[in-house]
Amino acid sequence: MSTSTAPTQAPAEQITAPTAPPGKVRRRGERSRAASLASHGVLTVASLVALFPVAWLVYLSLGPDKNDYLHPGRIWSKMTFDNYAFVLQDTNFFDWLKSSLIVSLGTTVIGVLVAATTGYAVSRMRFPGYRKLMWVLLVTQMFPIAVLIVPMYQLLSELQLIDSYFGLILVYCSTAVPYCAWLLKGYFDTIPFEIDEAGRVDGLTPFGTFFRLILPLARPGLAVAGFYSFITAFGEVAFASTFMLSDTKYTFAVGLQSFVSEHDAQRNLMAATAVLVAIPVSAFFYLVQKNLVTGLTAGGTKG
Amino acid sequence: MTVTIDRATGKRRGDRTPRPGLGRRLKDGYQKHWYAYAMIAPVAVVIGVLVLYPLGYGLYLTLTDANSLNSARTIGVNEIEATYKFVGLDNYADILWGPTAYDRFWSHFIWTIVWTAVCVGLHFFIGLGLALLLNQKLRGRTFYRLVLVLPWAVPTFVTVFGWRFMLADQGIVNSALDWLHLPTPAWLEDTFWQRFSAIMVNTWCGVPFMMVSLLGGLQSIDNSLYEASEMDGANAWQRFRYVTLPGLRSVSSTVVLLGIIWTFNQFAVIFLLFGNTAPDAQILVTWAYQLGFGQQPRDFAQSAAYGILLLAILIVFTSFYRRWLNRNEQQLAN
């Protein structure tokens, strides 16, 4: 509740409430009709702006011709799901799905597994080098892709890992691992120290405490770190576009670009593919978004 | 079970043969903290192998004249050895002061700063405005919230293509403008409008994160503070200024920092919106990528040098930002 947000005279009226006629007295948090309407108006416009580009993409994906996006009016009369059928049957859609899933899930699993113990260590223990490690974890998260892409390209081509899923997973781990460690530290910080102490009193080693007590309690935190790694890896463009060369190994972020080349632009198919990708990912996102936000900001404020 | 760095090692020194020095300290540290080190070992290894080693290698490449013609490569069965040579700091000097340095670096640098400032400013103020509206008792609040998060929920590489369709020459945006008898700019061709549409698309993509985080911050402000300030006769603006804004401090300083870093590093929006067609609308990150991978021959050394410069800018900025925050907090505390 915040009356502070209402751009009205309501607060002024509250202060002078005694002089106002009894019928017009408003309780705290109530706003005038006009203010309410204004809020609804602004929010409706904002929602339309948020919704329109996505809705437009869905609409265009129903037009059968590749230049239909220039004549949206014509789509209405000849709407069809042909694009979807074509994308599913005659393009590399399922190859791309496979690559995207392999790479994103691989990154997620490695990221969370590798980062979990570190998140715990930096949350509970103070050891020489602690500050340096935290600093490295923080700085790694703000690496622009331009810093690592050239040396990674050279190193991976020496190791023959260009155009391989494993190579791309390794590259993604360079951001996912520090990020997960940072995020998990934030989560472990919220688990009371008393639990660790109880474990120690009962004779567990630090590792035992971690694996038997803390890890089961930290499942929601692990899930958030996993979701975040998954979504980031899934949507990554630069490395995937550069390192994946054969069109059966493209992730969606690369595959989608391949519909538009210099010679031909199959925008209708592109739109259909985009919609097919967007639906499951957005659904997944909506399921986890609440946790995601708390996780993202917690790491920073407690850092 | 918190392990603190205490002075126990100093006390014990008398009992054993006194051997102060690095070896001894390492040994003591090992005995005392070995499980902490064992726990961070996986991440330390990953960072060392996947981040620091490539970073060092990249740093070395910036001191050479490596490009795709003289790097080691395999053509068919022939393996060609690398023939690039060491050139010292020439790459940096060339980028910063060389001929046409303005066109190659400084114009992109200025545009990157403008881009970051405008985008983060718009993200923050639009996000704050929407968060304030959503923080009221309002019918359909959950519905609005779910719709407004949509640009964040759909992957960027999908939505950017949606925008490309809309902004195309005779796309829906220009059709609508034409119908209203307004001028129809060439969104994706003209430099100014390219920049304009890049900022517009990125704003659209980035507002939801700010909105949701700030809404979380607003909801954590204690309601009794508003009651108390109302009792003291504060009007709406004063309550906003003296209760809401200070209450949002910690959340907003974090999200603004994150926003600046993300926007500065934003690759997907500009890369997917324009591809190779807009040299003037490239921010430093995408420009570095173009140098390294979007042209022939690929200029690896310069691209890597841009990367290092970018990282340096970010690190300097972040440390100043944190210092500035700390100082402000101390002032508030006093």
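Glycine residues also receive a Cβ, built from the backbone N, Cα and C atoms like all the rest.
A TrEMBL annotation is a machine prediction, not a hand-curated record.
Remember, predicted model here, so these are calculated numbers, not experimental data.
Taken from TrEMBL, the feature region 'Disordered' covers A:1-31. TrEMBL lists A:34-59, A:101-122, A:134-153, A:165-184, A:222-245, A:265-288 with the feature transmembrane segment. The domain 'ABC transmembrane type-1' annotation in TrEMBL covers A:97-288.
Taking Cβ pairs closer than 8 Å, the transmembrane segment (A:101-122) reaches residues 130, 133-134, 137, 165-166, 168-169, 172-173, 176-185, 187-188, 210, 214-215, 218, 222, 225-226, 229-230, 233-234, 240, 251 in its own chain, all 6 or more past its ends. Long-range Cβ contacts of the transmembrane segment (A:265-288) within its own chain (Cβ-Cβ under 8 Å, at least 6 residues beyond either end) map to 54, 57-58, 60-61, 63-69, 83-84, 86-88, 91, 93, 223-224, 227, 231, 234, 252, 255-256, 259.
Beyond the transmembrane segment (A:134-153), the same-chain residues lying 6 or more positions past its ends with a Cβ under 8 Å from any Cβ of the stretch are 122, 162, 171, 174-175, 178-179, 181-182, 238-239, 242-243, 303.
For the transmembrane segment (A:222-245), same-chain residues at least 6 beyond its ends with a Cβ under 8 Å from one of its own Cβ atoms are 99-100, 103-105, 107-109, 111-112, 115-116, 145, 149, 152-153, 156, 162-163, 167-168, 171-172, 175-176, 179-180, 183-184, 187, 215, 251-254, 257, 281, 284-285, 288, 291-292, 294-296.
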